[in-house]
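Participant: The structure follows.
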Amino acid sequence: MHCMHCTDSFPKSYNMWYLCAVFPAGAGGWAPVESNKYQWLEVDLGERTEITAVATQGRYGSSDWVSSFLLMFSDTGCNWKQYRQEDNIRAFTGNSNADSVVQFKLQQPVFARFLRLLPLDWNPNGRIGLRLEAYGCPYKSDVARFDGSSCLLYRFSPNPTSSQTAKDIISLKFKTLQNSGTLIHTEGQDHTITLELHKGKLLLHLRKDKSVSPGPESHMVVSLGSLLDDQHWHHVAIERFSGHLNFTVDKSSQQIQSLPEYTDWDNLFNLLFCRVMSRRNFHGCLENLLWNDVNVIDLAKQQQQVSITGNVTFTCAEPVSVPVTFAGAQSFLQLPGAAQHLQFRTWNRAGLLLTFDLQQQAGSLWLYLSEARVRLQVHKAGGYTILVDVTAGFGLNDGQWHSIDLTARRGHLTITVDKEEDSTAHASPSFPVVSGNNLFFGGERKQHASYTENPFNVFQGCMRHIHVDNNAVDLIKVQQMLIGNYSDLQIDMCGIIDRCSPSHCEHGGRCTQSWSTFHCNCSNTGYSGATCHSSVYEKSCEAYKHQGNTSGLYYIDVDGSGPIKSQLIYCNMTDKTWLVIQHNNTELTKLKASSGINQHLAYFNYSADAEQLWAIITQAEHCEQEVLYHCRKSLLLNTPDGSPFTWWVGRTDEPQTYWGGAVPGSQQCGCGLQGNCIDSDHYCNCDADRKEWATDSGLLTHKENLPVRWVVVGDIQRPGSEAAYKVGPLKCHGDKNFWNAAFFNKETSYLHFPTFHGELSADISFLFKTTAASGVFLENLGIKDFIRVELSSPTEVVFSFDVGNGPFEVRVETGDVALNDDRWHRVRAERNVKEASLRVDGFPNATQKAPADGHIHLQLNSQLFVGGTASRMKGFLGCIRSLQLNGRTLDLEERAKITPGVRPGCPGHCSSYGELCQNQGRCVEMYNGFSCDCGLSAYAGPFCQREVSADFKPGTSVQYTFKEPYELNRNISTQSSSIYSDLKLRGENVSFSFRSSQSPALLLYVSSYYREYLAVLLNRNGYLDVKYKLQNSRDAEVFRTSVRNLANGQLHRVSIRRLSETVSVQVIYSLTVQGIYYVTVQVTYLTYSVPIQSGELDPEIARLNSQGFSGCLSVVQFNSVAPLKAALLYPNTSPVVVIGSLAESTCGSPSPANPYPAETTHSLSDHLGTVGTGELIVNAIKSDSALIGGVIAVVIFVILCALAIMARFLYRRKETFHTQEPQGIKPEADSPEYPFHSEPNSQNILSENQKEYFI
């Protein structure tokens, strides 16, 4: 029953109507005779109507209702289109009883005359039963039909009052079966705009100067939409506003940052709804064609301002085309006869199109897709012996319609794809290729016992225009079961969907698809995940440093999953972590007076773009940039009262009239602020205008103005004027986001933030530490949707959400590793339209696939709760740090300052990061992070991992004197405090590394004020000798490692350790696992006697000392004293005497041939492939070596003879010693803390008179 009424469900001003199919009491409702999946209810609304909602109800007084259904619409009653919610949901949820009404408001209204409802599921204890309401509004339109050669020309006069701020818009709807054709073409004085349909996509062409051949700079193309040749209406709009073009197709829009000529529509001459002299004009219907508020089709009907070329009619007569959809493995079509022609479209690279048995059981023919090509095979009966095998076409999985013609006559078989000669294949079988009784399209043939199963992939796609026995098949009759047979087909519709338009692949990921899903190729994007959402790089140098990385080039992605691209940047990992961004001119640039030149203008192009630079500066705790002006008779700022001759421009694009070391707006240089300029009447040294050279230099530190983008130098035109300027790289340190933390000390406390918007993609990352067993990290709620991350137990983190498909959980279990150990743990959760994933620390990533046709939009509306929930239940106790949602860091500290039960910041970083401090480095807690104190280590660097080394040649000496006890009480500097030794010696640890080709040679000599000493040397054969003088009354004794020659130029490490009465000597050859050799000696601690005189050296030691040492010494350590480090790094505050030249070298590195030993370059090739850094980055490395502070070091050979004096160190040797040669080396063997072993069971008793020993 059709009823037209107003309804109280909508405002009466809508002029709404609804179709009544809610039958009165006793009238029942629609109930088909049979309840199966081939039933539908179709409604003819009489004319095209805007449908906005539908409502369903079960059959009155029965147990009959529909629990799920599809909704279809059509203009003609043919070629139906399925309505999809969120472009994904294929089914509506119906009723659960016969009486309640379920209403659905359509997200996008449907404009159609016919409405069809297809039941999918119904009450299993009843039948299909339905009452229906459809709500909508009347719809009026003007249409015009074009036959491919016809045209509309609209001429208009420019509006003299229009301006560049005016808004112009062209809008229309179109429908067509052709996949190509020009819709709009307009010309101006120096540009053209063309809108054309190409392979089912709309292309907007913007061309400059039509007389010039198109090129990369003169031709811009924007593509939107896909599969638009489906004979359904599609909406298009091109809008010009404020210098931008907005291009919209259906629900997809793209803003074009266009050049001025493309947005100057005042110069347009006309609008052509075709293209003159084109062979590819539009063939189909246009509706509601509007230029601003002008209805062009209505003007054409009235023959006003519009010229008509060719056959244009003002009705939309549509050709009849009935497609059929093969959705899955059970979909097949069976027809009698011999096949000659068909068309298909699909995204799959493989699938069976057609198969049939040959007459007389000669075999079977298989026509299928393989690798996106059509392949035809004839198999011999009873097996898979191939008698014929030909292929044709290529790239046939592009979603376009493709035709296949199959011809078999007189022993000749031909297959042609798309009627192209190049896509034709021939075969000449020795038997007739004639079909038997039935043709099978798609699917499988196992439904009939006489057929073998399909050995090929199932076809998923659409077919149409099937010809059998020289006649087109009427698929409507197939649908009515009048001819053939079928299963699981959607007849009279093509259900293909372009899952890549719009693409869900982010950050330039390339989308490919099959019938049921899509895939994102993230190669060379710097992002990962199912949709290329998450960055593979860290957000700052600080983050790389706390992974244990050293100085080098790293890709920095400042906003994570946000829109800003990653950038290759140098990270200088010193005590502070500096991020260094180079520009194109960091060298000193000299200027001289030149006639006709009043100013010099210098631009600076940085290795990062403006958006990246500002994000880096905003995130950093401190930024600076050095500027220098070297002058003679050249004024700088013309202080105190004149107009400045030189200024610079930064990020704000405003001239800045202050120089390095001063503050914004001061018109001063650094010397003016400090009051030490060479002329007290001026605020800059150069403003004294002297003939002598002067310099103004300093650091610009006001972040709002950085970086320096260009500099104007003005006073260079006077005779005798000379100047030079230099602008250093931008340097920033600190990461405000990385250490941003809050401590939750009450279970009921939480922080709240605005609603999290992550409709299609959401990533959440943070660090936490706690001693609690469970707690909610964060939660955000919607009406039904929600998202939550929580610690469910000490060994499990759960990421849960609901986007309308029911609760969804991803879990990571850590086994025996407890997460409530008060150490920092990292959590990364991501949810997108394809999957959800969760990662905790380095544990395996947990992933759950999303439903294939489920809801995809996450709709939240409450506040975001961090550290708790809205119900104040299951709150988190502990610290949360660096919380980032979709690349944006939440300021936990600022919010915590005003929230009871939450404190800003979180101490205790050494428990998590202390292990990064190597080689006896000590972790020191800081408010934001930690640092490594290397005072007790022979190493230096941010993690005490950098070898402190020097090259030696004979002629220079370093003497280190241990201080007396009373001297230790003096006030000494913190830098050198660690170089003093504890004189109450119960044991000694001596270690160093060396490389040399000299033999014999003295490597290390340690002696007391008395006649006892320890000497380490290479003998004439290159073997290592350890020489002891342990007792005044005895001669020196030598322990020799005679296994191999150590004077081979390779790096070796020696460790000597005494604990109580045991001395151990260890030698690691070539710092590899080739072998460890050490000797243990029993000794007795003695009292000291008369001091030794300087001239009483052992003769052999004196001889070697006179020869000097050529080679390298590195990381020399005696107990907590590092003599070589003290001499190189703290010579002014250490008890060292250096004679000759001494400089730090990189010779202690295991690979000294590497010119950049401390530098690591991390590029996309680490993850994805080869990436070039570009000339600018390479030059930046070379030119900044001095500034970086020795990261790129130059090897300097110096002269040194190692001589150290040890206080109150005495030995007495027992007459037994032990040897041991272990089978391998432990990983810590090159560390001073490597455990030395003593095994008294392996003793050897030797003669008392024996003085030298060999191993």
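Each Cβ is built from the backbone N, Cα and C atoms, and glycine gets one as well.
Owing to the predicted nature of the structure, the values given are computational and were not obtained by experimental measurement.
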Participant: For Cys906, which disulfide partner does TrEMBL record out of Cys879, Cys923, Cys932?
Facilitator: Cys879
Participant: When you look at the domain 'F5/8 type C' (30-137) alongside the domain 'Laminin G' (740-906), do they share 3+ Cβ pairs under 8 Å, ignoring any pair fewer than 6 residues apart in sequence?
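Facilitator: Contact criterion met.
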Participant: Count the Cβ atoms, other than its own, that fall within 10 Å of the Cβ of Cys879 (disulfide bond), considering every protein chain shown.
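Facilitator: 23, counting other Cβ atoms within 10 Å of Cys879 (disulfide bond).
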Participant: Looking only at the domain 'EGF-like' (496-533), what are its DSSP counts of helix, strand and coil residues?
Facilitator: 0 helix, 10 strand, 28 coil
Participant: What are the sequence-distant neighbours of Cys906 (disulfide bond), meaning same chain, six or more residues apart, C-beta distance under 8 angstroms?
Facilitator: Ala741, Ala742, Phe743, Lys769, Cys879, Arg881
Participant: Helix, strand, coil residue numbers for the domain 'EGF-like' (907-945) per DSSP?
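Facilitator: DSSP classes over the domain 'EGF-like' (907-945) add up to 7 helix, 12 strand, 20 coil.
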